[in-house]
Amino acid sequence: MTVREFFGCAFLAFGPPVAMFLFTIVQDPVRIIILIAAAFFWLVSLLLSSLLWFAVVPLQKHLLFGMICSVLFQEGFRYIIYRILRKAENGLMKITEDSARLIDNKHILAYVSGLGFGIISGAFSLINVLADAVGPATMGLKAGNEMFFLSSAATALSFILLHTFWSVLFFNGFDNNNRIQVGYVIVAHLLASGLTMFNRYQIYTATLIPLYLLLSVSAVYAFRVAGGSFDSLKAACSVK
């Protein structure tokens, strides 16, 4: 049963992101490089926020402090990868066959880097949980809720997708000097991370329901920013 739970949670959290990677990124080496670079920058943000948390000893007992620092570092490095990609556009045009589409449609770069942010974020948040889920007999460990593993996987999936949508909004906000979009990303990230604080009380519905509502809003917002419409969505979904 524990092995089934492991694979179920793993597929729930990483199934959609892996499908996105296979269908939209794997065919282009440049996109793979950008995704890996974005994941690296997320790791650096995690390292720096961890160092700050260890350095400020009096605040180590306050999870809210660590959460806010982590979010701000992540958004800071999202901006750094944005600046690097914009400065590297001329070089990218020389090394990729799909240069015109990659550069002209700037949302592609944002999408790829956001997915890189999200995948590594989801991996770090869930890998230890999945290791415990393998067993033996970890369900309800230390009087924990039996929905812990499932809710952790669902939370990881939501953050992977949120990071993807946030990068589209974040990059577009700086491209068009739209402070509202940039502010939305930062506030939404703080809100989403704050919602996970309910998990310590095992009130998983208080986390997941608002989190997926925020995911839906961010998805629609990013879709519209990227030039999507109901007609384009209908055309993409129609089978000929």
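We count from 1, first residue shown onward.
Cβ coordinates come from backbone N, Cα and C, glycine included.
So that you can see what the record holds, here are the features copied from TrEMBL:
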TRANSMEM  6-26  transmembrane segment
TRANSMEM  33-56  transmembrane segment
TRANSMEM  108-127  transmembrane segment
TRANSMEM  147-170  transmembrane segment
TRANSMEM  182-198  transmembrane segment
TRANSMEM  204-223  transmembrane segment
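Outside the transmembrane segment (33-56) by six or more residues, the chain places 21, 25, 65-66, 69-70, 73-74, 76-78, 80-81, 84-85, 109, 112-117, 119-121, 124 with a CB less than 8 A from a CB of the stretch. Only residues 6 or more beyond the boundaries of the transmembrane segment (6-26), in the same chain, are considered here, and those with a CB under 8 A from a CB of the stretch are 32, 35, 111-112, 115, 118-119, 122-123, 126, 129-130, 133-135, 149-150, 152-154, 156-157, 160-161, 164. Counting same-chain residues at least six beyond the ends of the transmembrane segment (147-170), those with a Cβ under 8 angstroms from any Cβ of the stretch are 5, 8-10, 12-14, 16-17, 20, 75, 78-79, 82, 107, 110-111, 113-115, 117-119, 121-122, 125-126, 129, 132-133, 139, 181-182, 184-185, 188-189, 192, 196, 199, 202, 204, 207-208, 211-212, 214-215, 218-219, 221-222, 225-226.
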